[in-house]
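Engineer: Below, the features straight out of Swiss-Prot:
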| type | residues | note |
| --- | --- | --- |
| BINDING | Gly67, Pro68, Glu69, Ser70, Ser71, Gly72, Lys73, Thr74 | ATP binding site |
Amino acid sequence: MAAVPDRERALDLALAQIDKQFGKGSVMRLGERPVVQTAVVPTGSIALDVALGVGGLPRGRVIEVYGPESSGKTTVALHAVANAQRAGGIAAFVDAEHALDPEYARALGVDTDALLVSQPDTGEQALEIADMLVRSGALDIIIIDSVAALVPRAEIEGEMGDSHVGLQARLMSQALRKMTGVLSNTGTTAIFINQLREKIGVMFGSPETTTGGRALKFYASVRLDVRRIESLKDGTDVVGNRTRVKVVKNKVAAPFKQAEFDIMYGKGISREGSLIDVGVEQAIIRKSGAWYTYEGDQLGQGKEKAREFLRENPDVAAEIEKKILEKLGVGAGAGDATGGPELPPVDF
């Protein structure tokens, strides 16, 4: 075994050669690198921001949002777009399903005039456009809706009934190999919305699976399972859904946490409702019977009245949000799309 000084000298020579050939900083000691905050894009629900552990969706990463039809997947993605735009960011939406509703997006707070939208004809075209936009370095967030709608060119040009086994999976695998490094370097968040399918002949365990092969499961830093758990009614009219999101994979914090929040029809995620739920859970808001109080001041009788009070008093809502984040140790940077909690990212 070589003496320690000889090994150190050999390592220094190798590092110098690598720096010369590939550029300074190609290899570095982890301790030399300053601890960088995990920059995030808030989701619009404080319950989900807390469940993610860092105050929102991490920037520079691949995110997969999947679930049954009409569960709220696109709503979650559009709220992230709205929050990124509010912080001065540029957003793009690759609408492979050709189903984006501009009016609904506007109701959620999306600046539709500034939103870049593409409605590609083939899966190759969709992913090539996404790759070029990300490589520009100008994007903050990009949504691909959905993976299931990324149909390979060969399938579109072929006949009905033709077999195209594995084409979409290979397409996704190649695209993610190309995009992942660029996303990290540019700090762009890529949200892939995905659908569920049933595996035939499964006797034990869940028969559910997502489309597009295994590549997205591997490359995604965060995977969110979105489910509608109950309908919200005003008398006999259904006015929204109670939604549960499970963080099934998380590379920036502890996984397997759950969040529940309300999605109101035509309005999106109820930020105030989420604040009330988490505030009561953390004893920041007090619930006595049907009354909700905060620091001795009554918010209202019943959740709807309390929600209305917070909507009309955004400064009180912001104060409650700040206290919740501080109590749970989630950084103040969760309030914008450029900062994050002062915690080093943890890779599992």
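Backbone N, Cα and C atoms are what each Cβ position is placed from, and that goes for glycine too.
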Engineer: Can you count the other CB atoms that lie within 10 A of the CB of Ser70 (ATP binding site)?
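Structural biologist: For Ser70 (ATP binding site), the 10 Å Cβ neighbour count is 10.
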Engineer: Least buried of the binding-site residues Gly67, Pro68, Gly72, going by other Cβ atoms within 10 Å?
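Structural biologist: Candidates: the binding-site residues Gly67, Pro68, Gly72. Fewest Cβ atoms within 10 Å: Pro68.
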Engineer: What residue among the binding-site residues Ser71, Thr74 has the most other CB atoms lying within 10 A of its CB?
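Structural biologist: The residue with the most neighbouring Cβ atoms within 10 Å is Thr74.
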Engineer: Looking only at Cβ atoms, how many others are within 10 Å of the one on Lys73 (ATP binding site)?
Structural biologist: 25
Engineer: Specify the count of other C-beta atoms within 10 Å of the C-beta of Glu69 (ATP binding site).
Structural biologist: 8
Engineer: Under a three-state reading of DSSP, tell me whether Thr74 (ATP binding site) is helix, strand or coil.
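Structural biologist: Its secondary structure by DSSP: helix.
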